[in-house]
Amino acid sequence: MAKPLTDQEKRRQISIRGIVGVENVAELKKGFNRHLHFTLVKDRNVATPRDYFFALAHTVRDHLVGRWIRTQQYYYEKCPKRVYYLSLEFYMGRTLQNTMINLGLQNACDEAIYQLGLDMEELEEIEEDAGLGNGGLGRLAACFLDSMATLGLAAYGYGIRYEYGIFNQKIRDGWQIEEADDWLRHGNPWEKARPEFMLPVHFYGRVEHTEAGTKWTDTQVVLALPYDTPVPGYLNNTVNTMRLWSARAPNDFNLRDFNVGDYIQAVLDRNLAENISRVLYPNDNFFEGKELRLKQEYFVVAATLQDVIRRFKASKFDSSNSTKTAFDAFPDQVAIQLNDTHPSLAIPELMRIFVDIEKLPWSKAWEITQKTFAYTNHTVLPEALERWPVELVEKLLPRHLQIIYEINQKHLDKIAALFPKDVDRLRRMSLIEEEGGKRINMAHLCIVGSHAVNGVAKIHSDIVKTQVFKDFSELEPDKFQNKTNGITPRRWLLLCNPGLAELIAEKIGEDYVKDLSQLTKLNSFLGDDIFLREISNVKQENKLKFSQFLEKEYKVKINPSSMFDVQVKRIHEYKRQLLNCLHVVTMYNRIKKDPKKLFVPRTVIIGGKAAPGYYMAKLIIKLITSVAEVVNNDPVVGSKLKLIFLENYRVSLAEKVIPATDLSEQISTAGTEASGTGNMKFMLNGALTIGTMDGANVEMAEEAGEENLFIFGMRIEDVAALDKKGYEAKEYYEALPELKLAIDQIDKGFFSPKQPDLFKDLVNMLFYHDRFKVFADYEAYVKCQEKVSQLYMNPKAWNIMVLKNIAASGKFSSDRTIKEYARDIWNMEPSDIKISLSSDPSGGANKANGK
C-alpha cells in the first residue's frame, strides 16, 4: 500500500507532476466512482484490481477527450501543413502514467487513488504493454509521436492494430519459448474504433488498359477499420492522433462471387482476410519475404493514403479550386515520412491514385509524389534490406508492379544520359535486381521516390552516403541528410526516474523537460558534494527497488550494492551479447583462480528477445542462461558475481531497469548499429557507457568528452582494414590465454555437462564465420572493463562522471530530432501555442508559457 507523502516530499515533487487542488482530487474521485459504476458496472464489493485500473484509465481519458476534439477543430480551422508518420511498428508500452504526466494530473491522481484506499503502483502494473514493435524502430516511432505533440505539430501516426504484438518470452530450461501476446484480451481503454471511416483495400486482380486509362479490376477487397488513440503533448493541450488499421472482411466475402451454398464455410473463411492485422512479424533487422507481410505493408499504405487524400480534399485549404490545380498544393499541405522501407509501397500507391484515379499526367504526379515523401533508413545490414520477389508483387499488386517498372525506366533513362556506356552503374542503381531471381530493391524505390533520405546518427548517415547508397548520393548529394535519433524525456526521465527528475528540477528549474539542452546547466554543480551524493542516493534507491522487483517477480536475489552492468536490447550477433558473455566467463575464471583477490562485485544483467527463427540468437540465450547456472551457484564466487537473464524484456521493464543501471553495454561491432536509443536512455538516467565507436555512441562521446565514456575496440577503419587483411579468429584464440580458456570451457561442455557439444555450432561460428569479429575486440573489452571496476571503487570520481554524462545528454531528446525533421525535411514550424479549451470557433489560442 502506498504511504502518504510528507509535506517535505510533496514540496520536492514540484509541479513537474502537476498541482494538487482539493477540487481537482474530488473531481477525479467522482469520475473514478462514476466509471466503476456506469462503465464497468461494478461496486467496491465485487470490483477487482483490474476494474480499478480501468476505472482510473477511463477517468484520465475523460481529461484527454476535450483537448483531443479541440486540437482537431483547431487544425481544421488553421489548416496547418500536416505530417504523416508511416510505420509498421509503434512500440508504445503503457499509456496511463504517460498520459497523467503529460496532462499534469499525476499528483492529483496519486492523491485521489490514495484517498480511495488503493495503490497507484499496483494499478499501473495491471496495464498491458502495447507491444506493437520489435525494438528500436518501433520505440523511436512512439517517442516521435510524443515529441510531435509536445511541439504542437499537426501530426498523425499511421500503422496496424496488430491483435497480437511482439511475443511474450518465456525461458524454459534455459531456452527461449514464445507465447502469443494477447494484449487486447481485457479491452483497451485508450482506443476508439471509427467504423465510419472504414476503407476498402484491394489485392490480386488484373490490369486493364482502356481508352479512358488504366484500371485495376477483379480484385479481392479487405476493409480497413481505423482505431484512434490519443497522443497528448506535454502540458500544451495538444492531443494528436495515432490511427491504427484493423482488417475486416466485407459482408459479402466469398458469398457474392461463387455462392455454392456453403454459407458456413464462407463465413469461417472471413478469417483469411482478417489475418492481415493478426500478428506483428517478430523480426528485428532481418527481411523475411512472406506474402502475408507484403499484404500488411500494402494494407497500411493503401488505407492511410485514402485517408490522407480524403482529409486533404475536405480541408478548408484552397477548397474552391478544381482537382487538378488543387493537387499542386498537396506537398504544401502534406508531408509523409516513411519509417524504413516497410511502407515503401506508398510511393507507387500514391502514383496509382494520382494517375489512374485523379487522372493527373505522369510527370505532374511524380513531381508531387517526390515532394511529399521522405525516407528514413534504419540499418546497413544487408540481410535486413527489403527485396521483394517480382513474381510475388505481380500476383498481389499487378498495377503497382507496372508503376514500379515505369518509375525504374525513367530513372535509368536519366542515369544512362548522365553516364553513357556505364552499364554497371545502371545495374547497381536499378530498382530491379536481376541476379538470383528478379527482386525489387525497396530502398532504391524509396530513395528515387523521396525528396529527402536520412540516416539516424552521423556515422550511420556517412555510411549510407559513402557505402550503401554511394551511387545515389553522388547523383543527388543534397537529398541525403542526417537526423540523429532521440528519446522522449517525458517517458525516459520524468516517468521512469521521478527521483532524478525532481533532483534536477530543484537545481535548474522545470523548463528542461521541454528543452533538454538546459541540462548543461548541471555542469556548475560538478563541485557540489551534496548534490553528487544526492544523485548517487537516487541511483541506490532505484537499484534497491529493482532488486526487490527481481526478487518478487523472478525469485532472484542480488546484491544491490554491486555494480549493475546491463545489456538490454534485441538478441543479435551484431550486438555482441557473446562478447559480454565471454567477459562474464573471464571474470568467473579470475575469481576461481584467486578467490582472495579484491574483486569489485558485479551483477551482469542481459535481456532481450531473439527472433523465433534465428537459431544462433536462441543459442546465445541458452549460453547466457547456462553460464548463469554455473556462476550463480558456485559458493566460491558468492555475491561477487551474478549473471541474470532478464526474461521478456519490453518497454515497461526498460522503465524499471534503466534507472537502476550503473554500466550500460553498447558494444556492437563498429559500423553495424545505425544509432541505438537505449544508449541515450541510460545516459540520461545516470549510467556510464562502455561501448565501441558506433552509432550514437560517437556523438555521446562528442557531447560528454570521450574521456567520460569507456570507449574500446576497433573503429570503423580498423574493421575495414581487418576485412581487407582477412579476419582469422584462431590467431586471437592462440594469443590470448583467458580467451582460449573461456572458449574451451564453452566448447568442452563445462557450462553444459549433460550435453557437452551443445554449443559446438556457436564455437564453430566464432572461429570460422563470425562477421562481427567478437575475438578481435575481446582483449580491449576486458581491459576496458578493468578500468570500469577501478573507477567504481572511487564513488566520488564515478559520480562526477555520471553528472557530466547527464549534463551532456540534452542533444538526445527526440524534441531536438523532430525540430530538425520539421525544419529540414517537412518544411513545418513547431508551435509553442497552448490551444485554448473553450471551443470558440476562432480557434482561440495562447502561448504555452503564458495563459
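From the backbone N, Cα and C atoms, a Cβ is placed for every residue, glycine too.
Record features, source Swiss-Prot:
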MOD_RES   A2  N-acetylalanine
MOD_RES   S15  phosphoserine
BINDING   D43, R44, N45, Y76, R310  AMP binding site
SITE      C109  site 'Involved in the association of subunits'
SITE      C143  site 'Involved in the association of subunits'
SITE      Y156  site 'May be involved in allosteric control'
MOD_RES   K364  N6-succinyllysine
MOD_RES   K470  N6-acetyllysine
MOD_RES   S524  phosphoserine
MOD_RES   S561  phosphoserine
MOD_RES   S639  phosphoserine
MOD_RES   K681  N6-(pyridoxal phosphate)lysine
MOD_RES   K796  N6-acetyllysine
TODO: Please tell me which one of the recorded positions listed here (C143, K681, K796) sits closest to D43 (AMP binding site), measuring Cα to Cα?
DONE: C143
TODO: Compare the Cα of Y76 (AMP binding site) against each of the recorded positions C109, Y156, S524, K681, K796 and report the nearest.
DONE: Y156
Open item on the list: If I restrict to non-local contacts, at least six residues apart, and a C-beta distance under 8 angstroms, what lies near S561 (phosphoserine) in its own chain?
Closed with: Q540, K543, P601
Open item on the list: Among all protein chains shown, how many Cβ atoms are found within 10 Å of the Cβ of C109 (site 'Involved in the association of subunits'), not counting that one?
Closed with: 28
TODO: Based on Cα distances to C143 (site 'Involved in the association of subunits'), point out the closest of the binding-site residues R44, N45, R310.
DONE: R310
Task: Span of the AMP site, taken as the largest CA to CA distance across D43, R44, N45, Y76, R310 (Å, rounded to a whole number) - done: 49
Task: Other CB atoms, at most 10 A from the CB of K470 (N6-acetyllysine) - done: 13
Task: Cβ-Cβ distance under 8 Å to R44 (AMP binding site), same chain, at least six residues away - done: L36
- [ ] Taking the Cβ of K364 (N6-succinyllysine) as the reference point, list residues of the same chain whose Cβ is under 8 angstroms away and which are at least six residues distant in sequence.
- [x] F327, D328, F354
Task: Separation of alpha carbons, K796 (N6-acetyllysine) and S639 (phosphoserine) (Å) - done: 24
Open item on the list: Looking at the recorded positions listed here (C109, Y156, K470), whose Cα lies nearest to that of K796 (N6-acetyllysine)?
Closed with: C109
Open item on the list: Whole-number answer please: how many Å between the C-alpha atoms of K470 (N6-acetyllysine) and Y156 (site 'May be involved in allosteric control')?
Closed with: 32
